[in-house]
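Record features, source Swiss-Prot:
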- Thr89, Thr90, Glu107, Val108, Asp132, Ala133, Asp152, Ile153, Ser154, Gln155: S-adenosyl-L-methionine binding site (BINDING)
Amino acid sequence: MQEKIRRKSSQPVYLYGMKNMLRIGNKLYTRTSKNKKVYGEDIIRFEHANYREWRPDRSKLAAAILKGLHNMPIGESSSILYLGASTGTTVSHVSDIAPSGRIYAVEVAYEPFSKLLDLAEQRDNIYPILEDANLPERYRFFVDHVDVIYQDISQRNQIAIFKRNMDEFQPRSAFLVLKTRSIASTEDAKTILRKTIEQLSSYNIREVIDLSPYDTDHYLILVDAKGVRR
């Protein structure tokens, strides 16, 4: 059931100059035309529109926003390559943010991909791809253009995967969710972060967000391609 916002509580604020993202106190929401839950999230009504709660315990991008992410390269008409789409929890919110854009959602495991397919059937801007993100040449033909890459992959070679896709698609900006324990389970997380920053020296590092307490030893890194001016 939808609930009305009580304006006397926390003041609602649109984020990044877009009405598709709303913050009320410590809660995030994305505007949706579907009025349908994806993963059991709450739906509220605000300014004659429906908004789905975007939970930071279920989405690392939501966690980064609540932790103070200053820049949002994803706009209403952006084309996004999402690596590690899983069942589509965060993908669904990116779909809300970019209603006139495209989300190319890559997932290698069939079980979560089947749920991603169900989501894509309900949303015209999600293009699911059952493929290995290690091999971008296999899905290059399917992707017309990429403005932003978002990667959330639990593999030891996640940095190599990121750089391979950056080279293949040449986006202006990209998010890398760094999962340090997937790279080395015993090495200090900050040491892994430092080494990762060194490996990303060919890009402009714009922000590094520690995702704790939502995700321990996880970081979200936002980069721009060299030469991109803001």
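Placement of Cβ uses the backbone N, Cα and C atoms for every residue, glycine included.
Annotated features taken from Swiss-Prot, shown on the structure.
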residue: Thr89; record: S-adenosyl-L-methionine binding site; Cβ within 10 Å: 22
residue: Glu107; record: S-adenosyl-L-methionine binding site; Cβ within 10 Å: 27
residue: Asp132; record: S-adenosyl-L-methionine binding site; Cβ within 10 Å: 12
residue: Asp152; record: S-adenosyl-L-methionine binding site; Cβ within 10 Å: 22
residue: Ser154; record: S-adenosyl-L-methionine binding site; Cβ within 10 Å: 12
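In the three-state DSSP scheme, Thr89 (S-adenosyl-L-methionine binding site) falls into the helix class. In the three-state DSSP scheme, Asp132 (S-adenosyl-L-methionine binding site) falls into the coil class.
The secondary structure of Glu107 (S-adenosyl-L-methionine binding site), as reduced to three states from DSSP, is extended strand.
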